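K.L.:
Below are the structure tokens for one structure; questions will follow.
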Amino acid sequence: MGKDAARAEWDNPMQFVLACVSYAVGLGNVWRFPYLCQMHGGGGFLIPYLLMLVLLGVPLFYMELAIGQKMRLGSIGAWRAINPYLGGVGLASVVTSMYLCLYYNVINAWSFWYLFHSFQSVLPWAECPVNSNLTGHVEECERATPTQYFFYRETLDISGSIEENGGIHMGQALCLLLAWMIVYLFIVKGVKSTGKVVYFTATFPYLVLIIYLIRGVTLHGAINGVKYMFTPKMEQLANPTTWINAATQIFFSLGLGFGSLIAFASYNQYNNNFEKQAIVVSMVNSSTSIFASIVTFSIYGFKATFNYESCLERVRLLLLNTFDLAEDTISLENVIHWIAELNRTHPEQFASLGGRLETCDLEAELDTAVEGTGLAFIVYSEAIKNMPVSQLWSVLYFIMLLLLGMGSMLGNVIAVITPLSDLKFISRVLSYSVGLVCLFCLLLGLGFTTHSGNYWFTMFNDYGATFSLLFIVLIEVITVCYIYGIKRFEKDVEDMLGHRLNCYWKIMLAGVSPILLIALFIFYIVNYIQGGTPTYQAWNKELVRPLFLSPISYQ
């Protein structure tokens, strides 16, 4: 299995590293990792997270790069070269990547939608729109929040359940078309065009994160969020779910099993030092998660403090008006004291306040855990609208989301295109093949722009790739170590790098990583069985909040 001299290559090793970083560092680093920190003990979560990086993430990342660079083929050809009966493993990777391509670009369409709406004198999610009679604000928005209304009603125009389909949201459909056109232009010339694009998609998000960090830590109350993140709750380490979530976050964040890493590495020079690059990219990916969490928690702290102080201000005004006190009697600093004092001195009048008296709790605001689209498009938007020059921060944020999403999309589409381009008759018409793949995904993806599309998006995202990826990577590592043989793999590495595998790689690949993958696979099966009937969150127009609906009807 020697070197294919005719195969396209990266212009330099840096392009390969940036392509891997652009692919691995995605939206999960911004909206999933901070949520897991919040749920599993703040800074204490870093202990299982970093341990799983060493035991699971880095070795499997290394293995996929080695396979791609040695075989110099896409996932199907690479596994078929290892064993003629294993082409199905590569095919499974291609199908999973295609599956992800169908819905992932919808997130980029939402980012375009928000970006285009950021160029307004007043951000449209900063205040409720006027109703059709011009007599007040839209009732649904007033009972929810402007940010929730803009996401659920203006962006998604969401239906009440998955069964209420409705038509296509034309604005979203056009944004999805734009997203796929850009993906096509980025990869139409194969690795040569992608290699140029990743210089921007891999680096610009870091510039935005640095700008946001500087702005974030200077916001009022940001320190409350940062303290919350770095205050470890060590008791969470006794919770098995903490360790399982740490392992799955590492696994999915690095993009293992999709075939993208094999495809990227197949364009390397044969003697490229992929070992060093595997460690660097893995470390950059995890460091980015931690860095993004500091930014996110500073925003969390600002938002939580803003909501807390707004609550205190409402309570202050209620007390002043109810007890006819002078304006400067009660301040935000002493409002809690006055609640206790007035309850003691005027119990009957205080009791008449009833449900109008809110309970203000900063810790409860910080404890409100949000992930996924709720964090990216509602919580962040809520914070951005309260910043000075909010339009600037909105534009920067959604450009960053776009680049993170586009970087991951490039990896997933290349995972599909590379095995196709390995076929000689397709490699001659590569641009047409890329166009057909993009068009196919666009047409099927239009289903996610319907009124019930977000429900299907959520189900695809939650159930689409988890089992298949765990199974694919488990088969990969068993194949390399016990079918192809760890000794043959060691000789291949020596042929490429000039030295054999050290003890760390052999112990991890032959023992520790497969055991952890089997444990994760069993956990997901058990958890799925015990989970009962699947449910999904539906937006209730009357209650103006998401509700869990069950069972799902497919009639």
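Note: Cβ is positioned from N, Cα and C throughout, glycine not excepted.
Because the structure is a prediction, the values reported are computed rather than measured.
Features from TrEMBL:
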BINDING   Ala24, Val25, Asn29, Ser253, Asn285, Leu404, Ser408  Na(+) binding site
TRANSMEM  12-31  transmembrane segment
TRANSMEM  43-63  transmembrane segment
TRANSMEM  84-106  transmembrane segment
TRANSMEM  168-187  transmembrane segment
TRANSMEM  199-223  transmembrane segment
TRANSMEM  243-267  transmembrane segment
TRANSMEM  279-300  transmembrane segment
TRANSMEM  395-417  transmembrane segment
TRANSMEM  429-451  transmembrane segment
TRANSMEM  463-486  transmembrane segment
TRANSMEM  507-526  transmembrane segment
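Surface or core, plus neighbours and distances: that's what I need for these features.
P.N.:
Beyond its flanks by at least six residues, the transmembrane segment (168-187) meets 105-106, 108-110, 112-113, 116, 155-157, 193-194, 197, 406, 409-410, 413-414, 417, 434-435, 438-439, 441-442, 445-446, 448-451, 453 of its own chain at Cβ-Cβ distances under 8 Å.
Among residues of the same chain six or more beyond the transmembrane segment (199-223), those with a C-beta under 8 A of the stretch's C-beta atoms are 15, 18-19, 21-22, 25, 288, 291-292, 294-295, 298-299, 301-302, 304-306, 308-309, 387, 393, 396-397, 399-400, 403-404, 406-407, 410.
Long-range neighbours of the transmembrane segment (395-417) within the same chain, counting only residues 6 or more positions beyond its ends whose Cβ lies under 8 Å from a Cβ of the stretch, are 19, 21-23, 25-27, 29-30, 74-75, 93-94, 97-98, 100-101, 104-105, 107-108, 111-112, 114-115, 118-119, 179, 182-183, 186-187, 190, 194, 197-198, 200-202, 204-205, 208-209, 211-212, 255, 258-260, 262-264, 376, 380, 384, 430, 433-434, 437-438.
Sequence-distant contacts of the transmembrane segment (463-486) (same chain, six or more residues past either end, CB-CB distance under 8 Å): 60, 63-64, 67, 79, 82-83, 86, 89, 92-93, 95-96, 99-100, 103, 248, 251-252, 256-258, 501, 506, 509-510, 513-514, 517-518, 520-521, 524-525, 534.
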K.L.:
Give me the non-local Cβ neighbours of Asn29 (Na(+) binding site): same chain, 6+ apart in sequence, Cβ-Cβ under 8 Å, ordered along the sequence.
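P.N.:
Result: Ser253, Asn285, Thr288, Ser289, Ala292, Leu404.
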K.L.:
With CB pairs under 8 Å as the measure, which of the listed stretches 12-31, 43-63, 84-106 comes out on top against the transmembrane segment (243-267)?
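P.N.:
Answer is 43-63, with the largest number of Cβ pairs below 8 Å.
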K.L.:
May I ask for the residues of the chain that lie six or more residues beyond the transmembrane segment (12-31) and have a Cβ under 8 Å from a Cβ within it?
P.N.:
107, 194-195, 198-199, 201-203, 205, 249, 252-255, 260-261, 264-265, 267-269, 272-273, 277, 280-281, 284-285, 288-289, 292, 296, 371-373, 375-376, 401, 404-405, 407-408, 410-411
K.L.:
With an 8 Å cut-off on Cβ pairs and a sequence gap of 6 or more, do the transmembrane segment (43-63) and the transmembrane segment (429-451) reach 3 or more such pairs?
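P.N.:
No; fewer than 3 Cβ pairs under 8 Å.
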K.L.:
What residues in the same chain, six or more past the boundaries of the transmembrane segment (279-300), come closer than 8 Å to it by Cβ-Cβ distance?
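P.N.:
For the transmembrane segment (279-300), the list is 17, 20-21, 24-25, 29-30, 33-34, 37-38, 46, 49-50, 53, 57-58, 61-62, 206, 209, 212-213, 216-217, 219, 222-223, 225-226, 228-229, 249-250, 253-254, 366, 375, 379-380, 383.
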K.L.:
Enumerate same-chain residues with a sequence separation of six or more from Val25 (Na(+) binding site) and a Cβ-Cβ distance below 8 A; give 'none' if the list is empty.
P.N.:
Ala202, Pro205, Val284, Asn285, Thr288, Leu404, Gly407
